[in-house]
Amino acid sequence: MSSAILFIQEELNLSLFEEEVIVGSLNLFAAVGSLGAGFIANFLGRRKALLISSALFLVGAVILAASVNFGWLVVGRLLTGLGVGFAMMIAPLYSAEISPATVRGFLVSFTEVFVNVGILLGYVIGFAFQFLSSAYNWRLMLGAGALPAIFLAVGALFVLPESPRWLVLQGRNEEAKHVLIDVVCGKDEVEAQQRLEEIITANEEEGGGAGCGCFSGGTKKSSNSSSGKSPLGSFLSDLRRFLTSPLARMYVIAIGVNFFQQASGIDALVYYSPVVFKQAGVHDKIGKLGATVGMGVVKLAFVFVATYLLDHVGRKKLLYVSASGVIACLTTVAVTFVLLGLNSAKGDSLIGVSDQKAETARSSAAGEAVTIAAILAYVAFFSVGFGPISYVLTSEIFPLRHRSTAVGVSVFVNRAVSGTVALTFLSIAKAITPAGIFGLFAGITTVSLLFVWLMVPETKGRTLEDIAHLFASSSHQGEGSRDVELAPATK
């Protein structure tokens, strides 16, 4: 959309508000879709949820390509947004549930890899199609989104097995064992049986209120403690018990990581990269789209780096490196905008109000190079940590019975923050200047360092069931999440 919006604006004469809605609404719709996906994935299974996602993508892409006004564009973004919500919730969840513990981080991070493959393809298609007539080049850009939807549908129908953990939830243990043998355990029936027993045991313990300790004490304890209490007193007692449980801490970690991922402003660059590069001094259309393609290449390259490091270095250390690098780069962009005269008054050039002002505000080529280099470095640091790790952590820390719903809630937060950033980026940049908004993103990311230190445990190398048990153990021992050191699995 970042490339297409340049031509849609020319063809349909969109206002600034309509441009923000078209760009930002996708993620708000995706937030809604992710909540629905959590329930559907539990009820119908992971594969059928993927099929629903592909259908939404397909219909949405066709409507976007055929749109004749702002209203139809919104309808197309609604359907594709719901599809995005389904896919972003199901993909990491499914990957985590079928992956061996030793390579789970690597495999789940491929969600972020292929998100970035899609982003880069969008940039490349936008660059290639810019030379066509603006009457239909943007239609081809948006219509191309139907092709991945078709491949996803074929894969879900004929290639992908159902999640063995969902099959256990349904009591289909033999089917789960076959999937474990074929996919997870490398044809080792003994190991598959052992893994199956672990999953069944964890599922039974969760169902009885034990195991993960999410509702320690079960319903009996709750009913005893609430005897003689008013309904409000009982509710407050139950709420207090939940807020001090491992499950609540898991939610805090997942929601926090997803919030900080998007509050760093990454999607502002993804969606508005051409206008951001214009602010940095790149003014011809080919140059802006070319720089955008370069950003997509950097983003994808460093996500691949992360896929290797996740299971070797670990999640927490990468988050430290990622956040520190993002803070440094965003601060550099903000300071450079101010010192080198790239920070036009009230952000006019950023929203396209006056190209003349942007031209007169240009500083030296060296200053522009520093700004662009800082933007590319920001993308690299983000992609090596916060980008993939939010999906990995979210999909692995919850116990089986809560995992689908919890991942849906976490992705809801992720997409809601992303949509809010995209919807308000241009307006806030106009109000507080481009330097101001990048400084704001840097400040928020600084807070994330404290959050990671206090709340996020290291989970590399552990089975999903073991992670839930270790959260419960730390709760019973009165330890904070900062103290939960999860040593690598022995298998």
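Numbering starts at 1 and runs along the chain as it is shown here.
Each residue, glycine too, has its Cβ placed from N, Cα and C.
No curator has checked TrEMBL annotations; they are predicted automatically.
Listed in TrEMBL:
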- 1-460: domain 'Major facilitator superfamily (MFS) profile' (DOMAIN)
- 21-43: transmembrane segment (TRANSMEM)
- 50-68: transmembrane segment (TRANSMEM)
- 74-94: transmembrane segment (TRANSMEM)
- 106-132: transmembrane segment (TRANSMEM)
- 138-160: transmembrane segment (TRANSMEM)
- 250-272: transmembrane segment (TRANSMEM)
- 292-311: transmembrane segment (TRANSMEM)
- 318-340: transmembrane segment (TRANSMEM)
- 369-393: transmembrane segment (TRANSMEM)
- 405-429: transmembrane segment (TRANSMEM)
- 435-456: transmembrane segment (TRANSMEM)
**Beyond the flanks of the transmembrane segment (318-340) by 6 or more, those residues with Cβ under 8 Å of it** = 257, 260, 264-265, 279, 306, 309-310, 363-364, 367-368, 370-371, 374-375, 377-378, 380-382, 384-387, 389, 433-436, 438-439, 441-442, 445-446, 448-449, 452, 456
**Request:** Six or more residues out from either end of the transmembrane segment (21-43), which same-chain residues have a Cβ under 8 Å from its Cβ atoms?
**Result:** 1-2, 5, 8, 14, 49, 52-53, 56, 70, 73-74, 77-78, 80-86, 88-90, 93, 166, 169, 267, 271-272, 404-409, 411-416, 418-425
**Message:** I'm a bit unsure how to read this: which one of 74-94, 292-311, 405-429 has the highest number of Cβ pairs shorter than 8 Å with the transmembrane segment (106-132)?
**Reply:** 292-311
**Prompt:** Relative to the transmembrane segment (138-160), which of 74-94, 250-272, 292-311, 369-393, 405-429 accounts for the most Cβ pairs at distances under 8 Å?
**Reply:** 74-94
**Item:** Maximum Cβ pairs under 8 Å to the transmembrane segment (250-272) - stretch from the list 50-68, 74-94, 292-311, 405-429
**Value:** 405-429
**Complete:** Spatial neighbours of the transmembrane segment (405-429) not adjacent in sequence (6+ beyond its ends, CB under 8 Å) are 16, 19-21, 23-39, 41-42, 84-85, 88-89, 92-93, 250-251, 254-255, 258-259, 261-263, 265, 267-268, 271-272, 275, 347, 350-351, 390, 394-395, 398, 436-437, 440
**Complete:** Long-range CB partners for the transmembrane segment (74-94) (under 8 A, at least six residues beyond its ends), listed in sequence order, are 21-22, 25-38, 40-41, 46, 49-50, 52-57, 59-65, 67, 108, 111, 115, 142, 145, 149, 152, 160, 163, 391-392, 394-395, 403-404, 407-408, 411-412, 414-415
**Complete:** Rounded mean pLDDT within the domain 'Major facilitator superfamily (MFS) profile' (1-460) lands at 81
